[in-house]
Ligand code: SAM
């Protein structure tokens, strides 16, 4: 591993390669090495671990991950960043593999294998779509061992919200059905260059060993209908789903309740009764 003192400051790397932030690609760069090291510590010891980073940009978080001893595969859509990443790869021989492309189109398990730690300061425009894709991996246990992700704070709160909170919704139920989801720490907007309009936060998710055996489609159908009309009672918002009133009764959930009072376990139970209903 090289001495980090030998690495050029990130600001200089950005200036030398002309990496002015492109809003369309959700580019808000992190330059503070202490903050970047803190993010890289969230998944635990990364020595010799496989890490997948989406959107390395000029490579700030990538540096922190490499310093932590990880073997990093990073996918970046902005080709302007590739020369800077190539230099970083030369500074950490055999530790960094950069893929030029769109993270939404990568066959991740085929390229990365299993037991992968995903660590990323995600572009806001594809962040939630990527999270949903990782949470709905076809095989479970999934190919990833943990997710350490920077989101807009409001999205981070939705992922980790507990029942009864105003942030609790579809994403909370999906995330907490499949994983243990924690908000690690908030990150002030001023930490980014350029600063975004809103605050951010890092979340950490680890897959649940045995999520209840249930089809994603059933759970999604129910939570979509329930939370699309979150002020309404379940008997109103779910009335158009055939067999749902019986399932509510079987699951012991009062139809006069509103969706934000229904726990993840209760939604799972409800979906299971509904899936197994008599034709
Ligand atoms: N990791 C860097 C950091 O922390 O400073 C940059 C983070 S910036 C919020 C998001 C990065 O994702 C940008 O470098 C952007 O070019 C890249 N990006 C945007 N959309 C992408 C996509 N679909 N696939 C891969 N990278 C993408």
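Heads up, the Cβ atoms here are built off N, Cα and C, so glycines get one too.
The Cβ neighbour count for residue 121 (S-adenosyl-L-methionine binding site), using a 10 Å radius and every protein chain shown, is 27. If you look up TrEMBL, you'll see 28, 30, 55, 76, 102, 121 marked as S-adenosyl-L-methionine binding site.
Taken from TrEMBL, the feature domain 'Ribosomal RNA adenine methylase transferase N-terminal' covers 35-209.
Across the residues annotated as binding S-adenosyl-L-methionine (28, 30, 55, 76, 102, 121), the two Cα atoms farthest apart lie 21 Å from each other.
Taking the Cβ of residue 28 (S-adenosyl-L-methionine binding site) as centre and 10 Å as the limit, one finds 20 other Cβ atoms among all the protein chains shown.
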